[in-house]
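Heads up: the structure comes next, in structure tokens.
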Amino acid sequence: MERDIEQGIPEESETSLLLNGRSEQTASNERKHRPYPPLSLAPSSVLSTPDSSPAPDTASTWPKKWRRSDRRTRRLNTQLLEAIESHNVDEVERLLNSGANPNATCRLDLVSACHIAAINGGDSLGILAKHGAEKHRLDVLGRTPLHLAAYAGNTRQVAILLGFSEEMQKRVQSEDMSSDVEEDVKKLCPEIQAMVDVRCDDSNVSRTLPSSWKDNIDHSCLQIKGTLPLLQTGWTPLHVAVSCIRRHSTRLLLAAGADPNIVDAQGRTPLDVIASAYYLDVDIKAENFAEIIKMLTKAGGTYNTMKSKELDNIATPLHTAVELENINAITELLDIGASVSCLNSEGQTPMHLCVKKRLHEPLQVLANYEYLNVDPLSAVVDVKDKDGYTVLQEAVEEAWVPGVCIALEAGANVTLKAYDGQTPVHSAADIGNIDVLLEILSVARQKGIIDCQNEDGETALFKAIVNGNTDCVYALLEEGASIKIKLSGEVSVLHKAAEYGHSEILKILLEHNEGEAMSMIDSLSARDWRGFGPIHFAVMSNSVECVELLLSKNADVRLRTTDSPYFCSTPLHLAAMKNFIDVAKFIVKFDKTTIHEVNSKGWFPLHTASHHGCRDIITLLLQKGADLSGNTDGPRKYRQTAIDMILNTLSMPTEFLSELFDSYINSNCANFHDSNCEINIDYRILIPSVCEMEQMKVIEALLKTGNRYGQRKLLVHPLVKSFLHLKWKALLPFFYVIVILYSMLVSSLTIFTMSVFFYKDTASNPPAFLSPAIWANVVYVSVVLIILQEILYMNIRSKRYFSEMETWIKFGSICLAVILPLSINLAETADWPRHIATLALLFSWIELMFLLSRFPSWGYYVLMFGKVAINVIKILLTFVFIIVGFSLSFMIQFHTQIPFESPWAAFVKTVVMMTSEFDYQSLFDQENSRELATSLIVVRFIFLIFLILAAIVIMNLMVGVAVNDINDLAILGNIDRLCKQVQFLSTLDNLVYNRFFIFILPKRIIEGIKNKRRVVNMIILAPGKPKWKYYKALPTHLREAIFTIAQEKMKQKDNEVNMEEFKKKIDEMHTAVTNLENHGEQTSHIEKAEKPLVQKMKYDEIMKRLAVLDHGMDSVKDEVTNLIEETKNPVNDLRRQMSQISTEIESIKQYLIQLDKKLSK
């Protein structure tokens, strides 16, 4: 029961309560745990000899009512613990005499003063025992002072704790304890048997402490906790002593009757834990290892861990002896029957540990020892570790040739497999050590295991291939290893060699045994192994050498993978997917036509590269003739072109395509005034070879992608724009035919209308050549020709044809042209034929304007007109409510008189008035003023508001909006013009190259048409030769734009060359500096030996000079002092200066002392 120290309970009563409670607890523990020795906290005459003579009372010890004695005791207890820690024996004695409790205990871990004194050694423990300290208390981890004394090897402290007399303590303290002393100790066994076998057990530790035993709250308990060792549960002092190889303590404990066969919580005896403190970085004396084994064996000690299949995964003494390379200890352990098959915590036997640490002599001893009771049919070195590896296989894995030789000499079985099916041959081939492999093969050849497979189906040959061990592959093939064996999934040796990019090994395999492996050069692996052939694996490993080797051996460059998971892809598809530019270059160079191969998804390699965003491959394939307009397979709705994929997968696709187009404009020099300067304009990216007869297909595909990324700006790129210009010039004759046909319709329709209505209205007869009957026939002939042309248009353009306003205007003009002659004949006197004629003329002339807008110089203005018209209509529709309001107001105020006789007339008149045609005089003349006399002021006020809002504000707003962004309108108008031009040229191109014409026209004419409409793949401009063939083919602004791009590219190329030269110079400078540094390092070794001596001489010289200076300063100081005494004048300033000088001299001395220490280090 705990008591509050603030209640002032006398210490005597607390002690008695604690002792009674502890006695009862000890008794109960004894009944529960019979093997554990009973411990009693009550002091006994046997265990301790306290000094019972009380200290004399002094004034300092007299009780004072205002003092708290418990606080004072705790302070003294804390000081006592600290004094013991610092080995201050006199202070310990003084504190005990001053009232400190000899049982002072750290409250955190219940570590008593005896615990600290036992592990620290010295005389403190003896003093504590004389003052009645309880020597066998347990701390919170179940450790007694005896455990700690044994741990530290403090023999005298062990003797004190066992209750030996002072004479006996001195006798056993000697390192060479005589046999007589040992016999005398054995006589005390019956009395100290219970103490010597006490176990470390924290299950029955009580945390209750008397108040007089506690330390103060300012005691650093954590510091004490960190200085004490952690012991295993169930350890006796003998366990602790032998674990640290404390020879003297072990001998003393055995003489005192310690049981060498007591087991700890893990079932280990003291013999099982010998030198185990080595793994805790405790400093042990390995030379006493064998002697302690002998002591324990002589005392009848046994072991549990060094028995075969007894206690695995625990480091045994045999493992520890191997770690310490202690041959005597190894021999002693083997002599007492220690097993070499037991495993440590890492799953290693002692022999495997020898291999791991490359310990030659210990392995020799373990492998060649004459073991008893072993299987005569198996060698000792065939013992396996946790993974099933034998000693031989472990030595092979470690590439330790001496270990391999020792294992083979000891009769190791090379056919044994590890748990994963590995044999020593596998391991030797895996690590690539040819010496080890040849050593193994010398035996494996006789056993016939060279083609043995592990659990993954791998032979030693596969292991050597995977790890790129060329020498091992050659050696295995020479020894007869089979290359026909395959792994699961139909994976052959060629697949593996190509997968890991080992070209030399692949060459050895292909040429072995007169090309035995050639039958597998195009074999595919199973689907679950990616369905690859060797060339596919070579591509995926990005090995140009392997691809080149396979193709040189007639591997199929078009070999396709399985449908899953790579969709029957060719090697070029895989290179495009991974952006392996070097491999792709070689494949394309080997066979350029592979760029047109498709996989099971209908993707060309360009589609694959575009889908995965591989810019380098895209550039390469386009340079080699890939088609940007090529479609994937599938329903029309889901088909995608390559340019579609580029725009949707690449970042900044428009900029990428612009740079790509730039790369197709090249120059051979930067000086354009040079007559030899040539600029190549390559149009092959726009007209790839696969669609040469559809030269507008790529640009049309670009238009179909929309303008989400601003890609329509690419139409104004000089490469595209110049191509469109050349294409326009090529198709211009065919366009002239269309213009002539439609001009024929418009002119005939106009003449027919004039011949009918003009002469009818003027009541005169038309001339004979203006006969309506003749021109009506001309109209019908023109209509028939245009309809035939439009049928071809519809066949080519399908849905897009009917989505354009121009198409419906054309349809309207043609239909009205057909109806007009008939309507005149049927209703000559009616007015509705006039309406038909009006609309027919209006539509036909508008259509002619649209048609002539196809010309590059005219179409720009027409499209700008359309943009402005749209803006004007938007503004009118926005303010139409104001216009309607004013028109109705005017109609009412003018009493529905002309020109406001109806709502529609009023609306039209109001709109006309907005254009400044107010007709003010006629509206407010004398006659109208009399009619409006009553509301003249209101009408004029409404007119004034209309003038301000409609005529001034709205009209100026309309004009401002229409022209404020004229530059933007110019750019957009140019882009729209090019879009229209592309659509028209595409239609015209397809119209000319039509099956109907091909069928009806002679071949010579067809070939002439083809050559006429075709743009060449490349043109060359010569800026220094204005009369060059193609110089005048392009307008000036296009030539200048092309020259600018070519010049920028030449500058960039020059910069790259300069950077390469700069890099080369930097590399040369680096090499020179490196060589200089290496030379400096060689000379520095010579200087290092001389440098400390020179520094020491300089230091001595400085010290001598400072000493002379110091002596001189003292002389000056004495003279000044004498002068002061003589003159008796104040010299405070002089003294202050002298003090400063002295301080500086001292700081210089300190600096030189530190310098001397560094030099000495």
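Just so it is clear, glycine is given a Cβ too, placed from its N, Cα and C backbone atoms.
Any TrEMBL annotation is an automated prediction that lacks curation.
According to TrEMBL, the protein carries these features:
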{"type": "COMPBIAS", "residues": "39-50", "note": "compositional bias 'Low complexity'"}
{"type": "REPEAT", "residues": "141-173", "note": "repeat 'ANK'"}
{"type": "REPEAT", "residues": "233-265", "note": "repeat 'ANK'"}
{"type": "REPEAT", "residues": "313-345", "note": "repeat 'ANK'"}
{"type": "REPEAT", "residues": "420-441", "note": "repeat 'ANK'"}
{"type": "REPEAT", "residues": "456-488", "note": "repeat 'ANK'"}
{"type": "REPEAT", "residues": "530-562", "note": "repeat 'ANK'"}
{"type": "REPEAT", "residues": "601-633", "note": "repeat 'ANK'"}
{"type": "TRANSMEM", "residues": "731-754", "note": "transmembrane segment"}
{"type": "DOMAIN", "residues": "737-969", "note": "domain 'Ion transport'"}
{"type": "TRANSMEM", "residues": "774-796", "note": "transmembrane segment"}
{"type": "TRANSMEM", "residues": "808-826", "note": "transmembrane segment"}
{"type": "TRANSMEM", "residues": "832-852", "note": "transmembrane segment"}
{"type": "TRANSMEM", "residues": "872-894", "note": "transmembrane segment"}
{"type": "TRANSMEM", "residues": "937-959", "note": "transmembrane segment"}
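Residue counts of the repeat 'ANK' (313-345) by helix, strand and coil are 16 helix, 0 strand, 17 coil (DSSP-based).
Tertiary proximity for the repeat 'ANK' (420-441) is limited to same-chain residues at least six positions away from its ends with a CB under 8 Å from its CB atoms, namely 387-390, 392-393, 396-397, 399, 401, 404-405, 408, 414, 449-450, 452-456, 458-461, 463-464, 466-469, 471-472, 475-476, 479. DSSP assignment over the repeat 'ANK' (420-441) gives 16 helix, 0 strand, 6 coil. Secondary structure of the repeat 'ANK' (601-633), assigned with DSSP and counted as helix (H, G, I), strand (E, B) and coil, comes to 16 helix, 1 strand, 16 coil.
When Cβ-Cβ distances below 8 Å are used as the criterion, the repeat 'ANK' (233-265) is approached by residues 35, 142, 144, 146-147, 149-155, 158-159, 162, 172, 175, 177, 182, 185-186, 188-190, 192-193, 196-202, 271, 273-277, 282, 284-286, 288-289, 291-292, 295-296, 299-302, 304 of the same chain, each at least six residues removed from its ends.
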